[in-house]
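These come from Swiss-Prot:
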BINDING   21-28, 48-52, 67-70, 134-137, 167-169  GTP binding site
BINDING   S28, T50  Mg(2+) binding site
DOMAIN    13-188  domain 'EngB-type G'
Amino acid sequence: MSAPTFRLCPADIGLEVAFAGRSNAGKSSAINALTNQRQLARSSKTPGRTQMINFFNVGDADRRLVDLPGYGYAAVPLEMKKEWQVELEEYLVSRSSLAGLVLMTDIRHPLKFFDEQMLRWAKDGELPVHILLTKADKLKYGASKNALLNTRKRLKQLGLNCSIQLFSALRKEGLDELAGVMGNWYEYQLEANKIIESSFALLEGSELEDAIEKDAVQKDKNLKDSAQKESK
């Protein structure tokens with residue numbers, strides 16, 4: 001692992017809304033547009049390499065926005081991809097404070113394979129999902145509407161009941177609709193541009209390295225214990 005596991009997340013209390021998407025889907029831009037802050041969610045210079053989970057308070061400490069690591073970037077080593085697929089599934093299915101998932105997908109290439117896998121995991125966890133067709137400014141109005149219609153048809157084929165909207169971080173289009181959906185999940189009136197950055201963050205620097213090392217040691221111990229039990 002090159003990053004902490006979800007076991008290092010804050011206590012599983014309150015309400016969380018997670019943002020997920022492929023490494024080039026515009027996730028950081030969407031979060032920054034929603035919060036009206038340019039660098040609240042930072043984009044890595046190497047897409048897919050940033051494997052930090054970032055938490056931000058939304059109004060109070062019991063309501064959080066969770067910025068999940070981007071997925072699907074080809075240059076990421078296969079072993080790292082497998083590790084994070086396991087972690088993402090565990091988080092989506094078992095995190096009791098998770099109230100909803102905002103899934104971002106590029107309107108020009110919507111619902112790639114791993115996007116659909118994320119939706120299946122969310123369904124397994126009975127988690128509501130709101131889909132953003134990002135970068136809507138890249139298409140003309142008619143093409144955007146067709147993409148929206150076709151994505152709805154695909155969701156129906158998959159047997160998934162998700163809300164969906166057009167979104168443009170560049171033009172700040174769709175912010176109020178997104179804030180309304182999140183507000184319902186938070187059970188809290190939420191306004192775009194008024195999300196407050198959390199005073200806490202996950203570990204960084206040497207503390208992060210220590211946490212990663214401890215987690216790796218614990219995983220090895222668990223595997224050895226399991227192997228010993230099976231051999232008896």
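In case you wondered, yes, glycine gets a Cβ from its N, Cα and C as well.
Location within the structure of each feature annotated in Swiss-Prot.
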residue: G21; record: GTP binding site; contacts (Cβ under 8 Å, 6+ apart): K27, G70, Y71, L103, M104, T105, D115, T134
residue: K135; record: GTP binding site; contacts (Cβ under 8 Å, 6+ apart): G26, D106, I107, R108, S168, A169, L170
residue: F167; record: GTP binding site; contacts (Cβ under 8 Å, 6+ apart): A30, M104, L132, L133, T134, A136, E173, G174, L178
Neighbour count first, Cβ atoms within 10 Å, every protein chain included; then name which of N24, S28 tops the list of binding-site residues. S28
Structural state of G21 (GTP binding site), classified by DSSP into three states: strand
One residue among the binding-site residues K27, M52, P69 has the fewest other C-beta atoms within 10 A of its C-beta, namely M52
Taking every residue in the domain 'EngB-type G' (13-188), what is their average pLDDT? 86
DSSP three-state assignment for S28 (Mg(2+) binding site): helix
Give the three-state DSSP assignment (helix, strand or coil) for P69 (GTP binding site). coil
Indicate whether K135 (GTP binding site) is helix, strand or coil by DSSP. coil
How far is it from M52 (GTP binding site) to S28 (Mg(2+) binding site), counting Cα to Cα, in Å? 13
